[in-house]
Amino acid sequence: MSTIVFGSFTCHLDAAIHQDNADRLAKAWTRPENRQVSNVHLLCRRAAKSLINTYESATASAWKGLEEKLQPMFAKREFSKTVTKRKGLRCFKESSEKFIEKKLKKQYKEERERFQFLNGPDAIVNQISVDKCEASVWVPFPHIIEKPSFTTPSMKKKVVFTKVRMSEASLQLFMRRVAANAKANGQKVEIIGRKRVVGHYTTKSRLTYFRTHVRHLDGSKPRYDLVLDEATKKILQLFANTSGFHHVHKKGEITPGMSGFVVNPMNLSDPMHVYDTDLFIVRGKHNSILVDSRCKVSKEQSNEIVHYSDPGKQFWDGFTNSFMQCKLRETDHQCTSDLDVKECGYVAALVCQAIIPCGKITCLQCAQKYSYMSQQEIRDRFSTVIEQHEKTVMDNYPQFSHVLAFLKRYRELMRVENQNYEAFKDITHMIGERKEAPFSHLNKINELIIKGGMMSAQDYIEASDHLRELARYQKNRTENIRSGSIKAFRNKISSKAHVNMQLMCDNQLDTNGNFVWGQREYHAKRFFRNYFDVIDVSEGYRRHIVRENPRGIRKLAIGNLVMSTNLAALRKQLLGEECIHFEVSKECTSKRGENFVYQCCCVTHEDGTPLESEIISPTKNHLVVGNSGDSKYVDLPTAKGGAMFIAKAGYCYINIFLAMLININEDEAKSFTKTVRDTIVPKLGTWPSMMDLATACHFLAVLYPETRNAELPRILVDHEAKIFHVVDSFGSLSTGMHVLKANTINQLISFASDTLDSSMKTYLVGGLEVDKCDEFKNVKLLIRSIYKPQIMEQVLKEEPYLLLMSVLSPGVLMALFNSGSLEKATQYWIARSHSLAAITAMLSALAAKVSLASTLNAQMSVIDEHAAVLCDSVFVGTKPYASYMMAVKTLERMKARTESDHTLNDLGFSVLRQATPHLVEKKLSPGVGAGLERIKLVGKVLCNLGIAAVAKTYTKTFHPERRSRFRRQVRHLRSVITWQPIQTPERRSSAEKRRRCLLHTPVDGKAILQSYRNFHKFSSKHSEDV
């Protein structure tokens, strides 16, 4: 780069100035003759001019070849036009050859006219005429040779349709018929104006709407959701003339899913942005204000608007994306669309409900409820539902054979359940105690098979291994063991207490070292609710001391909870009531072969005498475990409320299952308690034998192996009554009984063996017996007592819970309410028992609600809805009334029935119970009606007797001339009271004297008033005679 200075200006020259020229210029500058200013300036001008010419010639020579090469492009660009592309780029767009030819001809024409005008002779124009002589010569436009076209000429002929012309009335009629056809066939309607508007008819809440397609349904959020011109608007207004357009919408009726609905803005109650008063096209809500799709909104507002688009579109978008990602990539055929899409939707819904039943697929509570269900619950609840879905597919969609095969296999897998409990029990009885091969393998296979569908892959492998071992060993393998005798029998108690790891784990103890039940506490309520009674402390402990059994009695030490401060009296509580002494005999032992099974025998001392039980002191709200060793006291899971629980009638053995619950994992507590309640207890019943109880424990130990080490409560043996007594926290006042040595569930299971030689396995285990009550007879008693005050008074005082049986019939409940019995019960119990007073008040309120219902089914629905509230209010512990448990069971049954009916209704099934209430009402209502008729009859008789007595006294007292007038007044008064017409005999002719006719005499109001005044005066004066 070089520089040159022109005066005070400095110019930069390119490298075109050669170094030699620069040296020559510098030498010329240094000559003396050139140092003058004028010469220097001239020299600089010459040098600069030569350098510039040299640069221009070099530049021209460099660009000359490129310009020649690009000359055709420049020629085309002359006829090109500039266009702006999408991102603002401006470029040339080439023109076609026809366009260039047209332009050239136009230029030629213009140049020819200009040439002729300029070269023509000058003349003064006086007139305009055509000069035929040509004054100038013009070269004609060269002929352009067109390229031949090698394409086949089109054979299409232009079809010109005749224009349709209609009058205004004909056009209106035509559009109405198009709208009716689209509405009937579900077709789309397109209105072509400046913008195309597409819509269709849809139904919502039994109303028909016209729905237009708006832009936000495609996923965008534009400022204008829909653009309508006036012509399109008039046509749209004609198509939108539906029931939904004329319907008056209350506040909140415009909901999501109604985007594009055309409604009348004058019939909307919600606040809205109105575009005009003719139409309102729903877009969504912005700050609780409805927005019309035609309204212009800002970009920020369009993002803030809650669009009322169809929520199902989001579902199908996710379904489609996931389906495309998960579909099979490698198939041996080309997939085609053979099945109907709508039917595919029906079948997909059936499969969804069969696999994961729910009320809504978006409901989180349904999802959590299903995830918390055990396998047994799912199988019991949904196996029949799957069978129904399978039948629906078979009947309506037989072409979906693959779905039918899937549902069938899925149902069979869910029903894989081994219900052969008898076979399991028999195998356990025969060889359950045998630990040697091959019996140990048989027992293990028996334990695995009873699991049924709960077997895992590892269980199948283990079962196959045991079957292989069975093939290797023979069955007839015996051992000879020396036999023992009763005289040499010793079964001393263990010197060490059993170590219960569950009660020693720090993670399951609180800061005070007490056992923490956790989730087991909630599930233990299934035991306390069904098999325990709450002790009412206000009634004392005396009624709970004596525990009766089918073969005798035993006294509890619960009365010792009331202690005296007198030490001498306190020492007397340490003395129990001794039972009949029973020596060690064969009944105290259990043998298998010639060997004693010591855990199934009674405990003895070192000298062979039996260990007899002493008085066992009571405690409050504890579960006492540990049979032969030191006892452990565990807080009851429901002891926080301070209530005391005692085992119900015949269910003392429930304490054993409660002790097993300590060793159950918290996540299995629900399944364990339900298995005991629904499977074990119904089979055991009340007062089961020890063999059945041990078999049930073995069944639970197979399903829940951790319960084998669970400690047992103390078990006393009464050989005289042949009874096992499971001691609870209230101890035992009876002493002198034997003590069973079994300390764990695993040891107690030995009683289930059929090969065990022991008379004790037939002993009974349990509690009190239950008296059964007949519901129908008690309801009849309640109906009879409604109109008999003496019986009702006895019921209110002795069996107040019998009033709850009125919920079985709305007629009985309202008759009880109308007779005032519920009000009397409330007044009677308000000062004696607040719980009973609250129950009678609830029945009164329920009767008032029932009276408002017009039909019998509606009345039963009101009662069913309040059954749960009544059950929770009534079922509070145990009560000393025979009708208490009957009322509780009735309410629990109604509560369970209502819950199951709601579940069926939610799943879409119909309930047939609505057809049966009138049968029950028909059976019970005649008793109520007959009682009411008897009361009316008795009232009429008493009224007539009273009036007759007054008339008789009046006739004896007053003058005879006034008797006839008084009789007439009394007759009027009687007709008014009894609502009967007056019967007056009239004298007829001699032929009709023997006949009498009863005529209706009209009642005179003044005469009746006067008769009443006379009667009142008479009764006040002669009340003693009357």
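From the backbone N, Cα and C atoms, a Cβ is placed for every residue, glycine too.
Feature annotation (Swiss-Prot): of 88-91, 360-363, 412-415, 632-635, the stretch labelled motif 'Involved in interaction with stylet and aphid transmission' is 360-363.
Counting residues of the domain 'Peptidase C6' (644-766) by DSSP class, helix then strand then coil, yields 59 helix, 24 strand, 40 coil. Here is what falls inside 10 Å of the CA of HIS725 (active site, for helper component proteinase activity) among the active-site residues HIS216, ASP225, SER259, CYS652: CYS652. CYS652 (active site, for helper component proteinase activity) has SER259 as its nearest neighbour among the active-site residues HIS216, ASP225, SER259, going by CA to CA distance. For HIS216 (active site, for P1 proteinase activity), the Cβ neighbour count at a 10 Å cut-off comes to 20, with all displayed protein chains included. Spatially close to SER259 (active site, for P1 proteinase activity) yet at least six residues away along the chain are VAL214, HIS216, LEU217, VAL282, ARG283, GLY284, SER293, HIS307, TYR308, SER309, ASP310, judged by Cβ distances under 8 angstroms. For the domain 'Peptidase S30' (165-308), DSSP puts the residue distribution at 45 helix, 39 strand, 60 coil.
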